[in-house]
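> I am attaching a structure below and will ask some questions about it afterwards.
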Amino acid sequence: YRELAYRFVIGPYLVSVLCHYAYNCAADCDPAGSFFPSDIDECAAKMHYCHANTVCVNLPGSYRCDCVPGYIRVDDFSCTEHDECGSRQHNCDENAICTNTVRGHSCTCKPGYVGNGTICRAFCEEGCRYGGTCVAPNKCVCPSGFTGKHCEKDIDECAEGIIECHNHSRCVNLPGWYHCECRSGFHDNGTYSLSGESCVDIDECALRTHTCWNDSACVNLAGGFDCLCPSGPSCTGDCPHEGGLKQNGQVWTLKGDRCSVCSCKDGKIFCRRTACDCENPSVDLFCCPECDTRVTSQCLDQNGHKLYRSGDNWTYSCQQCRCLEGEVDCWPLTCPAQSCEYTALSDGECCPRCVSDPCLADNITYDIRKTFLDGYGITRLSGSVWTMVGSPCTTCKCKVRE
């Protein structure tokens, strides 16, 4: 007995078989005693799977598909005339992977990017908050005034000493910004300045907005005034207020504003807003709306027109947004996978949709195997677009497969 190995092509598969032979040396062997099984020429018998642009080469027990001169290999059985990916003659996004195919090429977004291959956008799993931009996989570029991996932290310009307001003003931090507000006793006369240098002293004595009473004299001070009260029974330190008189040391709530508390001290009235202690269960929510969880847990949409409750979801600029306890979080929409050959992304839509006409598709690829000669003898590729010779305002397109 002898054992010999054979290889056969079955469909697209190459199968190896080990055979056991019993033979008559006189009939099957040469004088030296060697056995020679006959080889099947798959190329001559057309039992191969070499496609167009290839040449079948017979091998012992098998065959090989070689590319004809001027063509490059796509796989074991196919060759293409043109390396669209290598020559950059493709429509893939810079963040997509270009793959040569028999018909032309295909585009697939790289890991960390989403899209149809011709358009790929960076994907940040947790989104970029407060208007941040996702510029690379899980990398956000934050707008001015915010920081953090997801732009979730407000920069307190006042606390971090980034801003120096004029000494007549004080720094007030805002979400993503700040401003210099005139201190009590100063005003800017309607002239805004970023650093507060436009804040000037209010002369309460000259404007008669002081509260000095009886024979006390008003003396203007930077940011306020003082009442000089000479000794005597007529100088009590009481304060005139709304046509009445408040005694020195008296504290009261304004009639028209229950959220302001005033006091009289040595002829001067001091008023301030009620302090808000949100931990106090008896806090006045009318004066301290920031302590009302029913309000602070709500969110305004990006246009500031619609109010959402905590837990609500909505779509904005191809992003899925959610309100979570007064904070808006957004992340890119996840588009469903399409099983069709051609897709298109229309204006105003976020996800590509299937189209039957390849001329309307965003993923049209040039089929280099199909060409035709236009009226000027120029070879045009299937799917290509050009301007008509002699008519710069006319655009022509070779339809795919036509």
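Counting begins at 1 with the first residue displayed.
Placed from the backbone N, Cα and C atoms, the Cβ positions cover glycine too.
Automatic prediction, not curation, is the source of TrEMBL annotations.
Straight from TrEMBL, here's the annotation block:
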DOMAIN    39-80  domain 'EGF-like'
DOMAIN    81-121  domain 'EGF-like'
DOMAIN    122-152  domain 'EGF-like'
DISULFID  CYS124-CYS134  disulfide bond
DISULFID  CYS142-CYS151  disulfide bond
DOMAIN    154-189  domain 'EGF-like'
DOMAIN    201-236  domain 'EGF-like'
DOMAIN    237-292  domain 'VWFC'
DOMAIN    297-355  domain 'VWFC'
> Who are the long-range neighbours of the domain 'EGF-like' (122-152) in its own chain, taking Cβ under 8 Å and residues 6 or more past its ends?
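For the domain 'EGF-like' (122-152), the far contacts come to 95, 111-114, 175-178, 319, 327-332.
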> Where CYS151 (disulfide bond) and CYS134 (disulfide bond) are concerned, what is their Cα separation in Å, rounded?
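Rounded to the nearest whole number, the Cα-Cα distance is 10 Å.
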> Rounded to an integer, what is the Cα-Cα distance in Å between CYS134 (disulfide bond) and CYS142 (disulfide bond)?
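Approximately 9 Å lies between the Cα of CYS134 (disulfide bond) and that of CYS142 (disulfide bond).
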> Could you check if the domain 'VWFC' (297-355) is in contact with the domain 'EGF-like' (39-80), meaning 3+ Cβ pairs under 8 Å among residue pairs at least 6 apart in sequence?
no
> Reduced to three states, what secondary structure does DSSP give CYS134 (disulfide bond)?
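Strand, per DSSP.
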> Tell me which residues of the chain lie with their Cβ under 8 angstroms from that of CYS142 (disulfide bond), as long as they are six or more apart in sequence?
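Within the chain, CYS142 (disulfide bond) has Cβ neighbours under 8 Å at CYS128, TYR130, GLY132, GLY148, CYS151.
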> Let's check the environment of CYS134 (disulfide bond): how many other CB atoms sit within 10 Å of its CB?
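If we count other Cβ atoms within 10 Å of CYS134 (disulfide bond), we arrive at 23.
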> By DSSP, what is the split of the domain 'EGF-like' (39-80) into helix, strand and coil residues?
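Counting residues by DSSP class gives 0 helix, 16 strand, 26 coil.
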> How many neighbouring Cβ atoms, not counting its own, are there within 10 Å of the Cβ of CYS151 (disulfide bond)?
22
